[in-house]
Protein chains: 2
Amino acid sequence: MRNLKMTITYDGFKYKGWQKQKETDLTIQGKIEAVLSKMTGEAIQLVGCGRTDSGVHADNYIANFHTKCAFSINTMLDYLYEFLPEDIVIKSMENVAERFHARYNVKSKTYVYRINNNKFRDVFNRKYSYHLAEKLNLTEMRNASEVLIGSHDFQSFTNSRNSDKSTSRTINYINIIEKDGLVEIEVNGNGFLLNMVRIIVGTLIEVGKGNLKPIDVKKILIEKKRWEAGPLAQAKGLFLRDVQY
Amino acid sequence: MRNLKMTITYDGFKYKGWQKQKETDLTIQGKIEAVLSKMTGEAIQLVGCGRTDSGVHADNYIANFHTKCAFSINTMLDYLYEFLPEDIVIKSMENVAERFHARYNVKSKTYVYRINNNKFRDVFNRKYSYHLAEKLNLTEMRNASEVLIGSHDFQSFTNSRNSDKSTSRTINYINIIEKDGLVEIEVNGNGFLLNMVRIIVGTLIEVGKGNLKPIDVKKILIEKKRWEAGPLAQAKGLFLRDVQY
């Protein structure tokens, strides 16, 4: 059996997220598995590096699958390129060790959230950024983001109702940069709970607007109550940028 | 009467070009005139800086209109922002002299054509660039572009059948830059014939592929036969970047 690792980019705008679902045909995993299964004649099951929410984009999503198919990597890439929808592209593929697992082996992931902080919407990026005309205080947002760095229980920052599993995660860094009114919030961590990046961003936006202070974010983290944190930021601004193994 | 000059950005993907047409509601001019007429209670007629083809985009299109409306510029901008479709935005507006005319007063215009010259399509820019996997020879394209600089009869580079009007135009410069596989062809000239930028680009692409030599472009220019030039490049890669007055 071969084990193949793929790097995938997708415009998530019209999809219900990465994970295959019985209720809908519109998932990234479902679209790719269908083409791979047709290509190989096998029932291919993809192992993805994690779930991305409905509407979230990816620059470099990682997945792997096992197959007996002997096609060359270029042949497979060409086949996938031709038969996948125009908003999903497999950028590269490589043979990896049998034991490689796209989810279990993740060391960390980098997400980027894009906010158009100019007065008007950007007609060319309206599906790939969240528009907020009110000027954000980036210094306060950076101060608040420092509270979140390190290992913490992020229970306040998830919409998951699964209380059996640990909600402890480690955030390695949060960078907030701005260029021509486009604010990018880059978050790197060892793992993320359901909606965690978007709730962190939603909370930092409240800080940027002056509705919360950095010290409030510390309280929110300690009190472990979802309703104290900010709202869920819109999916269309979020990109899975990279996965580190 | 006030004379107001507007700077407009639009995603032209779904529109039939700038100019109002009886057959369709989907024109940029038509959409803006409808909102302005409603706002002012007058039958507003826009003077645009020129026509853009169906599917072509604009970063900074210029138009002007006369009105008796006394609203402040900010009020007008807010009204337009709210009632125009999401793919059209009036970026700014200013009071100008009565004699200002957005078309007659144009000194030059800058267009940019974007080619994604990477192996695969870019899922996020597929509506805003032309994808060509075959590697272009940019040096040859730059050499060929030099042939076009200056004042020439561009009859070979237009699809216009109006033989009464002069087809002489002056191209001031053509810059071809490349970054991360994205090739941008910037063309500045004192005026452009119907489809002229897209036929110039289509011809330069033929040079980049090795199907034409720079010296062939000189011949095409001299012979004044449309069918000798390259094909019409796809509209979705073209942006009206700026207008100089």
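Backbone N, Cα and C define each Cβ position, glycine as well.
What TrEMBL records for A:8-105 (among others) is domain 'Pseudouridine synthase I TruA alpha/beta'. For the domain 'Pseudouridine synthase I TruA alpha/beta' (A:8-105), the model's average pLDDT works out to 97.
Classification of A:ASP53 (active site, nucleophile) by DSSP places it in coil, neither helical nor stranded. If you look up TrEMBL, you'll see A:ASP53 marked as active site, nucleophile.
In sequence order, A:GLU186, A:VAL187, A:ASN188, A:PHE192, A:VAL197, A:LEU238, A:PHE239, A:LEU240, A:ARG241 make up the list of same-chain residues 6 or more apart from A:TYR111 (substrate binding site) whose Cβ falls under 8 Å from its Cβ. Secondary structure at A:TYR111 (substrate binding site), taken from DSSP and collapsed to helix, strand or coil, is strand. Per TrEMBL, substrate binding site is recorded for A:TYR111.
Taken from TrEMBL, the feature domain 'Pseudouridine synthase I TruA alpha/beta' covers A:145-245 (among others).
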### Summary
Long-range Cβ list for A:ASP53 (active site, nucleophile), cut-off under 8 Å, min separation 6+ in sequence, same chain only, gives A:GLY17, A:ASN195, A:ARG198, A:ALA235, A:LEU238
